Structures are given as C-alpha cells and as structure tokens.
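**Student:** So TrEMBL has the following annotated:
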- 2-151: domain 'Homogentisate 1,2-dioxygenase N-terminal' (DOMAIN)
- 153-305: domain 'Homogentisate 1,2-dioxygenase C-terminal' (DOMAIN)
- HIS164: active site, proton acceptor (ACT_SITE)
- HIS207, GLU213, HIS246: Fe cation binding site (BINDING)
- TYR222, HIS246: homogentisate binding site (BINDING)
Amino acid sequence: MKAGMAIHMYAANVSMNDKCFYNSDGDFLIVPQTGDLKITTEFGRLKVSPHEICVIQRGIRFSVELDGPSRGYILEVYNRHFVLPDLGPIGANGLANPRDFEHPSAAYEDRDCEYLVVNKFGGQLFSARMAFSPFNVVAWHGNYVPYKYNLDKFCTMNSVSFDHPDPSIYCVLTCQTEEPGNAVADFVIFPPRWMVQEHTFRPPYFHRNCMSEYMGMIYGTYDAKKGGEDGFAPGGASLHSVDTPHGPDAATFLAASNAELKPHKFDGGLAFMFESTYLVKLTDYALHCDHNDQNYWKCWQQMPKLFNPKQA
C-alpha cells in the first residue's frame, strides 16, 4: 500500500492512556474541528487546536490526550510526503510560509508501565504490549519530524481585478504523484479574505473536475453553500467525485448574481478541501449512515434560467 490516499473522520471523548498508535501505511494530516489534541510523540509534544493542522508521518508513534469531546478530519497519503506547493509567479513569499510551521516541544517519559502499542499495517490493525513507555527517546538526529501549522497565518492570494482563480491558489500542502501536476492529495483552505473582483460572479463557478473533491467545514459557513442545520454545517463533509457537476446552491447563485460588486470581506467561516487525482471509494458506513443528507441534490433544483440571448 504505497500508492493512493484515504479520508477519515474521527470523534473521541477519551484520552489514549498508556496507549499509542503508529501508521505503517502512510502519513496523517489531521484537521481538528472541535476540541484540542494534546499529542505526545517520540520527538516531544504538540498541542493542536481547531484552526490548526498537524502532520504525523509514517512510522511515528503518537498518543493523544483530550480535554473533552473532540471531532475532526484526517487525510492519509500512501506515497511520498506532504510538501509546500511550488509558488511559481507568486515568488518567495505567500500562501503557507515555512517560518510558520512548528515542531514538537522536546519531552520524554521514563515510566515502567503496561503499555499498548497499536499499529496500522496494510489496512489492518495489530497490537503489542510493552513494559515501559515508548516515549523514552531523550535525543534524536535527523529531519523526519511531525509538525503543525496555524491556518490563521495563511497568506491568501486572490484576484484584484476580475475572474475567479482556481482553488490551487489556496493550497496549503500538497503530496504529488510521479506525474507533475497530479496530486495524490492537495490540502486547500477557503480562508477569510477580501473579494474585490469586478464584472465577476464571485463564488466558485459551476464546474466538473478531473479531481475528486472532498470538502469539510471547520467553523462558520462556506461562501458557496447555505449554512445551518440543513446546510453545510461545521463538522460536515461533502464529496464530489471525478466529473460530477457541482457549484453554488440556488440561494448563493441568486444572491451573487444580483450583488453590488463592492469590495467585500468574507470572514464568516473556514472551509477546506482534500483534492485528489485518485477515485475515492466510499465505505458502507459513509453510504448508509443515518446522518447522511439525502436531500443534498435539492439545493440546485430551484436554479432559475437567467440567460437572455437578446441581452447577451
């Protein structure tokens, strides 16, 4: 299992006491939505809160302590590792800057105790017991180390004239395949930002995509979908598979089509996207769980036809 990706959602309310986990299959990119994660690794400790992400690479043991109920998303990649995207014409600075990534604070444990080690290997879980804490590493040498990043530090780029840029302009981290430009997975956010484009439909366009698009919501609302309990809510998710048409719902379409195009700051939410060149297969749980939105398709049913060839 050294090619591909997987997407997981987690919910937890109990800490991993005297228990740790490591993944032999790939790297984890963890996106907390509710609740802090106090993560202990062989390299030290990280506290990861909503608005932050962390990456824990293949083979690194970690344990999580919770203060209360916690919920979030995990992107798992099987080939290569996450890196910063090439900035191209942006130049040296912009998007996620290297200086803002943080590594664990040094710490170790010297405890003799019964300890459970869980390993994910080939998509299955295995366990072993130890007589001491595995976090007894007091020194290490190298550059293979977990890290976290605060999404509020993302330096957003956008059009200051017209048109809607491709969402790659919001890419935080990418994991590339052997074929340049085709990602195992991109991690993209839609952060607070100024929108000033003229003569432009400002929300994301209606489109079909050669990539699989999985979206999640950390807080607030997404500028292309209605929020609230019957809308795209924090902690929720959507998947638009390869070549599936999608775009703003009818309410967003009408509002944006008639909006006065003054400079406007969108600061009402933080959505993200896991985008992959691979086809995403759904689990039985994802297909049949009782909190699926069976009426999602209806958000496009009241879309009016506004095109008038006599006015074109």
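Yeah, the Cβs are placed from backbone N, Cα and C, and that goes for glycine too.
The shown structure was predicted, so the numbers you read here are calculated from the model rather than taken from an experiment.
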**Student:** An 8 Å radius from the center of the HIS207, GLU213, HIS246 Cβ atoms defines the neighbourhood of the Fe cation site; name the other residues of that chain inside it, in order.
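**Tutor:** Neighbours found: PRO204, PHE206, ARG208, ASN209, HIS240, THR244, PRO245, GLY247.
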**Student:** Fill in the CA-CA distance, TYR222 (homogentisate binding site) to GLU213 (Fe cation binding site), as an integer in Å.
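**Tutor:** Cα-Cα, rounded: 15 Å.
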**Student:** Measuring Cα to Cα, how many angstrom lie between GLU213 (Fe cation binding site) and the residue listed as 'active site, proton acceptor'?
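**Tutor:** On Cα coordinates alone, these residues lie 18 Å apart.
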**Student:** Whole-number answer please: how many Å between the C-alpha atoms of HIS246 (Fe cation binding site) and HIS164 (active site, proton acceptor)?
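**Tutor:** Checking the Cα atoms of HIS246 (Fe cation binding site) and HIS164 (active site, proton acceptor) gives a distance of 16 Å.
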**Student:** Counting only residues 6+ away in sequence within the same chain, which have a CB under 8 Å from the CB of HIS164 (active site, proton acceptor)?
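**Tutor:** Set apart from HIS164 (active site, proton acceptor) by at least 6 residues yet with Cβ under 8 Å, we have GLN197, THR200, PHE201, ARG202, PRO203, PRO204, TYR205.
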**Student:** What are the DSSP helix/strand/coil residue counts across the domain 'Homogentisate 1,2-dioxygenase N-terminal' (2-151)?
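**Tutor:** DSSP composition of the domain 'Homogentisate 1,2-dioxygenase N-terminal' (2-151): 7 helix, 77 strand, 66 coil.
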